[in-house]
Amino acid sequence: MKKPIWIKHISQLATLASNSNGPRSKEAMSELGLIEDGSLWLEDGKIQAVGTTQDLNERYSARAQEAEIVDAAGHLVTPGLVDPHTHVVYGGSREREFEMRLEGATYMEIMNAGGGIHATTRMTREATEKELFEQTSRRLDSFLQHGVTTVEGKSGYGMNLETELKQLRMMKRLQEAHTIDLVPTFMGAHAVPPEFKGKEDAFVDHIINDMLPVVAEEKLAEFNDVFCEMGVYTPEQSERILEAGKKLGLTPKIHADEIEPYGGAELAAKVGAISAEHLLKASDEGIKAMAEAGTIACLLPATALYLREGAAAGRKMVDGGVAVAISTDCNPGSSPTTSMPLVMNLACISMRLTPAEALTAATYNAACAINRQDLVGSLETGKQADIVLWNVKNYQELQYLFGVNHVKKVWKKGVQVVG
Ligand code: NIG
Ligand code: FE
């Protein structure tokens, strides 16, 4: 039996516990459930007790001998961060495109010339299982080092049945082999493969008739995502794919209004998507529709920065009643990062989220965006013991000292994996 762990004298324990149910918006995004001089008792991979050190002294001092004791005086402790949107499984890398963009080429020009997503698709098709496993494991290790304990991952660098399945099966294998929890999303409609250029509807049919049924049958994904964007998939094509997925039990997500305003936010509300992603160019009507439908806005400020675009209207969305989550978008083209702490900093700096809102967006709301809020995203009795101890004393300092990795220790399911 593994020893229980007692983390004591935490200067600031941000539990993220709240009385509100479901994804948080408006004032609820600032409810961090703070405890001064806090304590956590971890056992059997779960949180057994949360409170002040005084509370836990009363309940657990008789068992103190058998526990490993961690003194967290001077430190902030939060739930393990959740990254609800990544493209973490891919082959190769695209550093030359980074240079090309700085020389003046746009993201869409590079993609339309056969680079971008198409380049990674070629490299992912060519990658051996071993290469894909090793490359992705290294990225997952880096996520852990940055305090991230749950990661969503999308297919979409296959764009044929064989390689889409290869990516999704790799996620299944990594879910078993790696400490991190991986949540899989099918994204066959990530771009239009060259063989289907000008025959987009035929590729949509192919996804619906030949890919989705296999993905559902093998239970390889929980979510179904599309790149709804001018020059990629229209809102009508996106809707067909998402509705077909729904019939097979896959919950919709949409890469929406990233490059041009295109009605993606409105579509997300219409099809009952759990979240809409990017939203740099989302319309006011779209934002309103999302607030009414309860669609989570999954915002990716590192992507906006990396593409040198203005960030999404995060402040306006929170004030307008949209529950906001944030994510790295970890991918080889528009956001090659695994740093959720940087993403929290950017959520404050470029979208004017407050430090408290940014933390909610990276924990509880992020967990809601991948339907894991009953397991992770807050520190409450019975939840998974996914915990980060930071080298700062409070949550404001975490967001204020930016671009630095403040992680000191990470526990995943009650086992220390970093520090
Ligand atoms: O979310 N927008 C589309 N897909 C990814 C980028 C993928 C890539 O460039 O390889 C994104 O930004
Ligand atoms: Fe993405």
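Placed from the backbone N, Cα and C atoms, the Cβ positions cover glycine too.
Just so you know, TrEMBL annotations are computer predictions that nobody has curated.
What TrEMBL records for this protein:
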BINDING   His85, His87, His255, Asp329  Fe(3+) binding site
BINDING   His85, His87, His255, Asp329  Zn(2+) binding site
BINDING   Arg94, Tyr157, His190, Glu258, Ser334  4-imidazolone-5-propanoate binding site
BINDING   Tyr157, Asn331, Gly333  N-formimidoyl-L-glutamate binding site
DOMAIN    76-417  domain 'Amidohydrolase-related'
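In this structure, the binding-site residues that sit close to ligand 1, with a C-beta under 6 angstroms from any of its atoms, are Asp329, chosen from His85, Arg94, Tyr157, Asp329. The two recorded residues, His190 (4-imidazolone-5-propanoate binding site) and His255 (Fe(3+) binding site), show a Cα separation of 9 Å. Long-range C-beta contacts of Asp329 (Fe(3+) binding site), restricted to its own chain and to partners at least six residues apart, with a cutoff below 8 Å, comprise His85, Thr86, His87, Glu277, His278, Leu300, Ala302, Thr303, Ser335.
Straight-line distance linking the Cα atoms of Ser334 (4-imidazolone-5-propanoate binding site) and His255 (Fe(3+) binding site), rounded to a whole number, equals 13 Å. Rounded to a whole number, the distance between the Cα atoms of His255 (Fe(3+) binding site) and Gly333 (N-formimidoyl-L-glutamate binding site) is 15 Å.
The two recorded residues, Asn331 (N-formimidoyl-L-glutamate binding site) and Arg94 (4-imidazolone-5-propanoate binding site), show a Cα separation of 10 Å. For ligand 2, no neighbouring binding-site residues occur among Arg94, His190, Glu258, Gly333, Ser334, by Cβ distance under 6 Å. Among the binding-site residues His85, His87, Arg94, His190, His255, the residue whose Cβ has the fewest other Cβ atoms within 10 Å is Arg94.
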